[in-house]
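**Student:** Please see the structure below; I have some questions.
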């Protein structure tokens with residue numbers, strides 16, 4: 001009892017001292033300690049319960065803290081509400097501009113670009129945005145209005161077209177284990193393979209210097225119509241491969257590709273495109289069928305341009321069209337150019353060379369190169385892209401069916417029925433299977 005009395009005297013001394021230095025709120029707080037101590041000294045059965053004065057009641061201040069009316073704040077204890085803590089932490093995480101390296105198999109999707117209000121046509125971006133919201137990277141309202149997160153895709157791939165190196169730029173919350181959490185909410189045929197921070201004003205479409213596409217096709221597409229076997233047993237000879245590559249090399253440079261798309265006239269300046277390289281690799285056999293991959297790198301591509309470039313070379317190699325038709329197609333006359341099937345087209349890689357030179361080594365940002373992800377890209381293609389192309393070709397025989405239509409094309413026609421004034425770029429091109437319209441909205 002004596003010790004308790006000494007303790008009370010010490011408390012009273014503190015009250016008097018703080019009454020000089022502090023405010024009334026601190027005195028009241030210490031008074032509560034004094035009351036509690038007195039109750040412990042004389043715990044009479046009839047002692048009335050002590051209630052806090054109304055002025056001392058805590059009220060939430062809107063910041064997750066309790067605030068007393070006298071100005072003192074008491075933080076809530078974290079973890080009392082269970083799973084809400086992680087969500088609350090995500091909301092407080094600042095948003096940063098990043099790029100995501102994507103790979104996907106396009107079968108079953110109506111292209112890359114999201115079509116709000118058209119739920120019957122599922123796109124790659126529908127699944128991506130859903131995963132971003134569920135993982136806590138973006139708030140739900142950003143998923144409904146993608147401009148709020150500054151979302152931009154590098155290339156718009158069309159229905160059924162796959163990608164091994166698509167790039168999208170956006171603002172997200174950089175949560176812990178972000179790639180793992182996003183991929184957790186994506187189907188296995190869509191993967192986020194890499195992430196890098198970029199400058200605040202970065203736009204994946206506008207900053208892109210070039211795109212590389214690959215086109216995987218069965219080599220019997222190059223079998224000559226008169227003296228080669230027209231079936232899966234065909235094997236590409238070195239002589240024929242050399243001829244294919246000689247013809248593909250003709251596309252290099254800047255040319256007027258108005259005959260390789262739609263709604264472009266010969267005098268439309270936007271029909272001029274720059275091709276950096278185009279070649280066919282060595283053939284390989286999968287499930288009894290020999291395939292080859294054509295790669296083309298260009299600044300940008302128009303609707304159906306790549307498929308028509310490949311279709312015309314196939315028509316020449318098979319003996320349906322003369323070699324001179326390539327150069328003639330760049331003139332003003334209308335030329336009948338066949339369009340190869342969409343199956344097999346893959347967005348292989350996008351290039352940011354100017355951005356890398358300016359910001360890649362500034363000490364703050366990384367160059368947008370993906371050497372460390374090459375193995376993951378190769379694994380994804382072997383697991384999801386190539387099998388889809390091979391199996392679909394075996395089941396649907398899209399190339400074989402298309403080859404049977406080449407005979408109805410008139411490759412010798414030199415008609416000039418196109419009226420340039422009427423066909424010169426009226427409005428925006430439709431989206432094409434070449435990931436096309438890379439340069440327009």
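Keep in mind that glycine also has a Cβ here, set from the backbone N, Cα and C atoms.
Predicted automatically and left uncurated, TrEMBL annotations should be read as such.
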**Student:** Which is it, of 56-92, 93-129, that TrEMBL names as region 'Disordered'?
**Tutor:** 56-92
**Student:** For the domain 'Pseudouridine synthase I TruA alpha/beta' (251-353), would you mind checking the mean pLDDT of the predicted model?
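**Tutor:** Across the domain 'Pseudouridine synthase I TruA alpha/beta' (251-353), the average pLDDT comes out at 96.
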**Student:** To the nearest whole angstrom, state the Cα distance for the pair residue 158 (active site, nucleophile) and residue 213 (substrate binding site).
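**Tutor:** About 13 Å separate the Cα atoms of these two residues.
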**Student:** Around the C-beta of residue 213 (substrate binding site), how many further C-beta atoms are within 10 angstroms, looking at every protein chain?
**Tutor:** 27
